[in-house]
Structure formats: structure tokens, C-alpha cells
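A quick write-up on the structure given underneath.
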């Protein structure tokens, strides 16, 4: 095609300057860049300036868009046409209509630049009208700054932290788990403090740099043992069930060639198992996740294939998937991985809840699949984890402090792709399945999960930045930074006001949440940890007492059994789950759901769905006018608002001077016409006519009456015998 | 009720493929109309009822340890797996069911014996509930271009069309008769829907008897008349919903499709919807996927794709969208046909109407739509649903596909339908149940011959009685949405668990969102009632002397907008059932009232107080919150 053939408005020379964050530096820029509107290959678009800073790549529209076109969920940090350097997935250049991946040094400069983002946006920039000098500068600048490895301290997180005013309080209800007190509170909340204790032994990272400063172990485990193998082979507490059974995780020993070493390690493990299998501890089941779940490599491969289905250059690509859609989806294996992970979590929940046994998850690092399973189990079993602050505390505990390798897995340094693995995304995908199956059980929305996944690539937060608490601590001190006197003050992603104004934050709260009766607000500080535990499910009569009696006598035999079968074979890991699992699953599903009790996802094939909001939100072709989940949400919001205002009115009538505590959301009026892509994009502005032309209102009124009358009629007939 | 058992068998188990629990023993009863299984040993008496007409197949499986298995597949996708202790019993049940589920004569159908103890008058009113003339009036017909003609009153033009049809005024009787000779089974082009805003019409017919070169002047005049009835457009579409190959094959048999050269200003299009045989086998494959126990992602996704079911649903939807766009955006009239114009044509025309007109997305409107496009225009329910013992090749899930399309729309636009999924399921059930007369036979003439209007009941009043549980709590009312533009990308089509796995309890949420919402709505109504009640009390409190002498105080402004359930005094401690209808009290003369309203359908409502439309609607209409 030729651009000359179609009508393009003459570029207007106008001075637009990028909005820079504290610490953000403009590195290079190019004028008269033409940005295509993605959808239809019609070459429509706008002229503007393309800039690259040490934080983002940004396109500045010459005809600066009027405010009413802005998306509702405006991110204060990352604009509609901003791509943070961390968010860049791949950059392609188009040379003579051929796409080529751009990396490293460039010899020739492309006429078109395509940027694929990790949040699944796709940008097309035409550089044909840009001065050659500027093309060179901007293309090599973008490729260099987004693709080549850098020194850690040169990353934007540090520039921002040293330049930004450290005024954000960040205090919210999220527990950060960076203090001993937080761990003790969590132990107390789950009543785990009888058998487990928080230890300070890792202060100064004496035990291991991979472990957090504070963590929780069974009371009977000695300091000496913890120190022996840098914390390996030590069961670390994740959570206690209402019946006292606990979820534990353990970092396994790497495979040893040396026989005597592995003998010693085995003996060490025997000792540990023996200690924690004695009363008062419950029967122990172990599960080696590295053999019972897909490898990180499998997960990465599956996700790479899966996201390719949505990273499309134009809509015609999308239509070609037509007949093959389901087999394409199937061949990625991504949904099957989600299903297997959910199934594993149900198995663990069954052991804890019904069999009343402790479950020990084993993985080499105990920071990847252990985190996924442990988080999911808690979301399913502990309704506190389904509140916003509870979920955030959980992510903080298991992932941020727990030592998930965000830095490597998100490839923040672009060092190598090998480390990259979407483990956290996998978790969010699994949680989303639960959210869409049981909307009233969650205080947050799918939009919350979506923006949380986006936040992985906003490098002003430390939450999802480092590999471990140690890495964060050592880099916070700011020693090597001469310009900075004190330590860096990093932001936490949980302070949502950094990214969203209050109006936008309303999208994160689920209006449909079946809230529990709240304790008095004045006691908030104390009630924070006193979140009530639920007896999740009075299942079949518990066999625990007999089991434990049996177990005490047979301890030695049992331990032999574990070791004989090698660790991890106790939970059946074959695809056909043991009968007890299916029975548990069926029996739960045959009873009414208690949204504040145990929650088990449905995992039969048809129940696992594609997270449409995250994966389709930038694809104009996928939108529905006046449809989609947002239509439901908007309608429910209206309804709730009305109920609330009625309640207020009632209270007034009763002359009770209760001031209206209506935390209603003043949005979505006339929301019938919203696009299903709302609140992320308003892409429909180019492509359609208004859904309801005003000229037709009059006619409708007449028909309207008709419908009313039909209803009248209906009402009468319903009295017929 | 039917207390007469044809057969009673003890020691029968009903297996549940979702639980591994040991099945309990029970008793199986066969009545004249139902199979009833009662699980006796359970603490609670559990009954499973299966209507004989719902039974699609009965199979005897090889002997199992527990006894002799009998597998029953139902037309509403219920699968029941019985194990019977004695071989003789098993065989007896088997032969009985074969006979009972496959009646030979129409008189044996349930509808002719079903007796809900309703007066004759009420039954007749039930049949008059839907009046298609009123719907044509709603479209503005008769008008300058279209008229309702009784040219078919003795079924001389077409014996599968109703006596009254809508044709262009410009087409005189000679044209109509002439055209009918050139159309398969005389199914001439008639109006299905007129889009009032721009005069573009959707018309339907059967294929022309064109062969390779035949022409018919009257048929060409007929199409010209249709095109000229829409002066805003210089052309019209003629849409053949069959795949091109199929249509071409028909030419050899002297049928086929319109030649663009012979008709003035038509644009001819094929939309490849497959025939009834392809659809039947596609559903069969889909059901095999549904019957898998705990399918993995791979089993499910490949099975779903290989069945092709959603691809066919998409094809129907694409066709509907094409029609709606042609009418609305291009302002062009469309003539639709397939082979006989009663399967794919019915699907596509009714779907397009649903997309264009919000009225059809209400309870009443949807009933009108089915009566108009399916029942009146001669969809062969009797054959497609296998009501009577007959050619199994005539059976095809054509109506199921339409219902599936509607459900897909409900998924995409959750606030645009007055009714919920259960309404669709109810209708789908009764299309097969033969409990009501509506879906018996194949066309209006046959229904007259069967005397269904005298001998059976209509389904619609019974569904309206259940309106509370069938309504969509998310409905935004009539004016909130006009045309729908559904997405027809492949991922937009979902597998409808609630239909095809409806009886597999393991696959459904127990406490569904729908119930939750319905209770939300009733909470709101309750609050509004209490509010209006309090407001009613205010004048007494403010006034000089509260007096009990005046039982009906002046109704305040808020109260006038809220639905008045009973007398306000009535619900102090005991509110009436939420969302109950206005006539809950003892209106003595329901009938005359109904009659009257029926006649007055087009005049504005006079009595605002009797207007019990739910609050949701009226609010959406006002487009603003009312509580300020």
C-alpha cells in the first residue's frame, strides 16, 4: 500500500512537551511520527511526536485529545499512549513490508515501528515523514533503552525514588510483613501461634539471603537446624486452617551427585519430618510441586503461545482464526495449566480441610509454584484473603516478602529471556477464574486483577521489582548513590492513589461483594487482625480424632513410609485424582455456597475461561456496545445505589440522624451505551454511530407505552388459575 | 393427577455420573405421561420426573454388577442412567418406554389430555394472548406500501402459511398467485418485519423454481413491489442462507436461486448455513463432549471445535447481523430464503428482528416473535422435534439453535433482555413436551385440523404466571438499548452449559448470581414500599389530628411512582411477596378486564396507579435517578 494514496491530514507543527515524572529524563525524540489506529488496516491515525525517556516511550498527539475522550480508568502514571520500558515485549521494524525483530545494533532503519507490549497493547508507528536523523535517534534509542541490559541502579525505580518527594504515606490496611509484629499478628489471626513461632534468626540475613528477614516455623524446629543448610529442608509456615492443620512450604535440596552428602541430607530430613510429625502436629503430607505441576519452562512456553493469540497486528489476523479458534486455544495449553493448578489447590484444600493433615509443599526454591498454590489455597479457604486488604497482605506475604523472583521472572534487566516466567500472572489468572465463578465472594473486581497485572511493569513500585527482601534492603540503603543522603523511599503498589484518582479506584471495588457484617469502625486498628475465621464447611463427620490416634502409634511406620516412597508421592499426582478428591469436590458442590466459607473452583473443561478483560481489552473488534460484563456491573451499581439511597431515605423518615454513609460510585450514568472495553479504552469513538440517535426518542416513547401496557396485561393473566 | 401407573418396578438405581457415591435403591413408576423415579432410602424423598415426550432414545446396556442398565437420553439434554435389578423388569420398562415415547397418532400427544382445570373462557383468552395483527400495527402496517391480506384464507396460495399474510400493496392477487406457482411449496415472499424508521423490510419466502433458466414475470414483479415499498433504497438484497453448493445442486431439481439478471436491482448473497442433517450430527457430537466425565481442557476444546456446533451458531448469528445491518445501516430491504423457507429462514429472520427491535426482547415481544416467525409461518415443529414416530432424518435442532443464538446475545448484552435464561429453557422444554398446543403439528392449517385451539392450552399464559422467576434482574428497560450489534468473532461464542449440561448438577453454581440479584431487586421494592408507606403516614403526623376515619390518605409524590402492592396499611409486619403483581387482590372479573386491555392495546394507559411495571423499567426510561 502507499500512504500517498489515502488522505492524510497535513501535520500541524506544534510544540508538545511530554509530561515527565520526578527523575524522568527525556532521552530522544522524533517529530511527525504517524501513529496508526490499530484496528482495520485503513491507515487512519494521527501525527505526533515520539519520545523516549528513561521511564517510557510516549507518543504525544499533535491534536492533543480533548478531555472527554479520555478513558475512565485513567492511570496517572502511565498514559494511554505511554509504554513503560519494562512493558515493552518486542519491537519489530518494517522494511519493505517485511517485519523484522529489532535488537541490538541497527544498520538500517525501518519505515515502520511495531511495539508489542506486555499488557498486550500493540502500537504501530510510521516513520516515513520523520527526518532521517530523528528516525535514527529514536529507533536506536528505543531499542537500546528497552532491550539492552542495564545496571540495576540505573533503572528508573531508583531515579524516581531519589527525586520524588517522599510524601506518600502508603499506610493502608495492607500488612507488609516486613516486621516481626506482622508475622505474629498473622499467626494470631489464624490461631497458628500454638504450634508455630515467628523467628528472628535471619536478621542480618544470617541464614540466607533468599529468605525473608522474619518467617514462621514449627516451634519444635531448632535454630541450629535452620542454620545448617541455609534454611533448606526447613518447613516454613504459610497458613493455618481453622482446624489447626497447617500449610507449609519447604525449599528442597538440589540433586546431589555426592552420595554421602545426600545421605546426610536425607538423615537431616528424616529428623525434621520426625520432629514435626509428633503430637501436637497433625499427620503430614508432602507434595513435590516440581514433579506434580508443569515446570516454569512449560508455563512460559504456554503463556508465550497464548498471548500470541491476542497480540495481533490488525483485525484481519483475528478473523483468520475463525474455524480454528478452539484448537488454537487448546494448543497453547495455557488453560490446561490453569486447570491443573486449580486442581492441585483443591487437593491441598481437601487434605487440610477434610483429612485434617498438614501439607508440606516442596519445590527447589519454594518461591514459585509454592507461592501460587499457597496463595490459591488461602484465597479458597480464608475469606479474609478475598477482601482487598487481605489479598494484598497475602501477596505481600507470599510473593513480595516471600521472595518470588520478580526481578528475574519479569526480566527487568533484560539480561536473558531464560529466566522469564509468568508465575505471578498464572496466579492472577487462577484467581480470576474464582472471581468470575463466585463474584459475590470477592471484595475486588476483575479490573483490580487486571490493573494489578499491569502494575508489574510500572517501575516506580518496589512491590514487584526485587527478587527478595534482601535484594531490596541492600539496594534501598543508597550507599553507592552519592546524590542521595538517606535510604530510598520506594512506593508500594498497594497505595492505589499513586496510579488512580478516587473515581477510577471505584472500579477496583466489587459492588456485588457480599460483605460480612462489619464491626464498629472505631475499632478498626484492632479489628484489622481480628478478621474472623470461618468454619468453612461442616463436611462429613471428621475422622481426624481416630486418625490421629492411629497416627501416634504408627509414627515410625509412617515416616518410613514417607521416606520409602520418596518425598512428594503421597499426594497422588497423576491426572486422575484420588477418589477422596472427587468426593470432596462433588460433596462441596452439592451444597449451597457460603461466600465467606470454603470456596472451590469448578474445574471441568467448560468452566475454565479466557480472561477476556485482560486479553481482549485493546482489540476494538472484540468490543460490544452496551454489552459485556461491564454492563452487568453498571446495572448492579445502579441497583445498589438505589437500595442505599432508599435506605438513607428510610432512615431520614425514621428521624434517625444517621448521616448517609453512601459510598456510592458516581459513575456509569447512562451506562447502557458503554463499550465492553470500558473502562480501559474508548476506541469506539471512530467507528460507530451513537447507539440511540436522539431523533428516535419520540417514536420510542410511543412503543414504550405499549410495552408498559403489555406488562399490565401480563399482570392480570398471571392470576389465571 | 395421573394416579394410574402403567408399570411399577422396585429395586431400581439412578446413577449420577458426577458422584462416586453408591446409588440408592428406589422405585420406578411409569404413568401414561411420565416416568417417575422415587429414591426411597434417602432421608429426603427424592423424585425424578421425565416426560415421555422428552425421551429421545432408550438403550439397554450390557449387564453390570448392580443389574441391568437402561440409558435414557432426553430431548432437553437430560441423561438418566438407571440400573434395574431384574432383566425382565428392565425389558418391560424398555418396551413400554419405546411405545410411550413414540406416539403414532397426534391425538396421543400430552396436550390433548393435559387438563390444568382451567375454564373454557380462560383457555380461549390464553389463545388470544398473542395477536399478530397487533404486532403488524406496531410496525405501522397497514400503510401506504403494505397490507394485510386474506388472500390465503382457504390456503389456496400456500397451505403452510397462515390465512393472513402481509404483502406489498402493489402486488395484486394475480401477482401473488403467479409468484406462488414459482416458489417451492407456494411459499411466496411475505413481510416478516418492517423497520419503521426507514421503511426497510425483512421478507421471507422459499427458493424459486428457477432451475437453470426458468423465469416468472409475477415473481419478478413481486420482488419489484417489495423493493419499491422502500423508496429510500434503490436496491434490495436477496439472501439465500444456504451454502452456494447446496443451492446450485437444487437447480438440477428445478429449484435453485434467483438470477440477478432477471430481477431489477437486486443484490444476491449466499450465507452458508448448513442443512438440517449437518446440524443434527453436529449436535450429536456436541452431546458426546457434554457426556464426558470431568473433561480436561483439551478434551473439551477439541471436542467443542470438532462438533462444529458453535461454528453453526456463529453462521446463523452472522446471517442475522447481516440482515440487521442491511436494514438499519444500508436502509435496504432484504428477502430471505433457504430451501423451503421454514428452517434457516425462520432462524435468521427472527434473529434479525431481535437485533433490531427491543420489543422482541421483552416477555411479550419474544412470544410474539416465536408465534410469528416460527409457529404461524410454518416451521415443522412436529418433524424437527420428533413429536410423533416418524422419519428420524427429519429431526433437527433448528429451534434449539435459535434459542442458543438468543442466549449468546444475552451473554453479550446482559441488560437488554426482560427475561432470563430460564425463560428460554422453559420454552425449549415445552417445544418438545407437547404439553401445550402451540408447537404441535407443522403449520396453521394442520393445527386447525387438529383442533388444538379447542382441545389444548396455550403455553404463554403459563409462562407469564412464572414471570417472577423468569425475569432478568439486570434488564435496563425498553428504551435503554435499541439495535444490538453483537460480536461475531469466534471467541464471542460460548458453550451453553446451562442448556446442554443443564441436568448435570456438578456443573452449576448452587447459589447462582441470578437468584442473588432477584432477591436484591425485591429488597429494593420492599424498601420503596416502606418508604412510600412512611410518606403516607407523614400527613397524619404533621396534620392537626390523625384520624382513622380516612383509610386512604392522599398519596404523596413518591408513592405515586412506586408500585402499589396492596393497601399500604396491609404490610406493616408482613410485607406481601416482593414484586407481586398488582392484581393480587380479589379482582372478581379478570376476564373482561383482559379483554378490554386486549382491544385497547394501542391507546395510552389511562390508569397510572394500576401501572405495575417494575421500577427498573420506568427508571431506565427516565434516564435519571429518581431519588433526589
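Here the Cβ of each residue, glycine as well, is placed from N, Cα and C on the backbone.
Per TrEMBL, the features are:
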- B:126-500: domain 'Myotubularin phosphatase' (DOMAIN)
- B:275, B:276, B:338, B:339, B:340, B:341, B:342, B:343, B:344: substrate binding site (BINDING)
- B:338: active site, phosphocysteine intermediate (ACT_SITE)
- B:551-628: region 'Disordered' (REGION)
- B:608-628: compositional bias 'Basic and acidic residues' (COMPBIAS)
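The Cβ neighbour count for residue B:340 (substrate binding site), using a 10 Å radius over every protein chain in view, is 20. In the three-state DSSP assignment, the secondary structure recorded for residue B:344 (substrate binding site) is helix. Cβ neighbours of residue B:338 (substrate binding site) (same chain, under 8 Å, six or more residues apart in sequence): B:206, B:207, B:240, B:241, B:242, B:273, B:344, B:345. According to its DSSP assignment, residue B:275 (substrate binding site) is coil. Of all residue pairs in B:275, B:276, B:338, B:339, B:340, B:341, B:342, B:343, B:344, the annotated binders of substrate, the farthest apart have Cα atoms separated by 12 Å. Cβ neighbours of residue B:342 (substrate binding site) (same chain, under 8 Å, six or more residues apart in sequence): B:160, B:187, B:206, B:377, B:378, B:379, B:380. The record gives B:275, B:276, B:338, B:339, B:340, B:341, B:342, B:343, B:344 for substrate. Within 8 Å of the mean position of their Cβ atoms, the other Cβ atoms in that chain belong to B:241, B:242, B:345, B:398. Per-residue confidence over the domain 'Myotubularin phosphatase' (B:126-500) averages out at a pLDDT of 94.
By the criterion of other Cβ atoms within 10 Å of the residue's own Cβ, the least surrounded of the binding-site residues B:275, B:344 is B:275.
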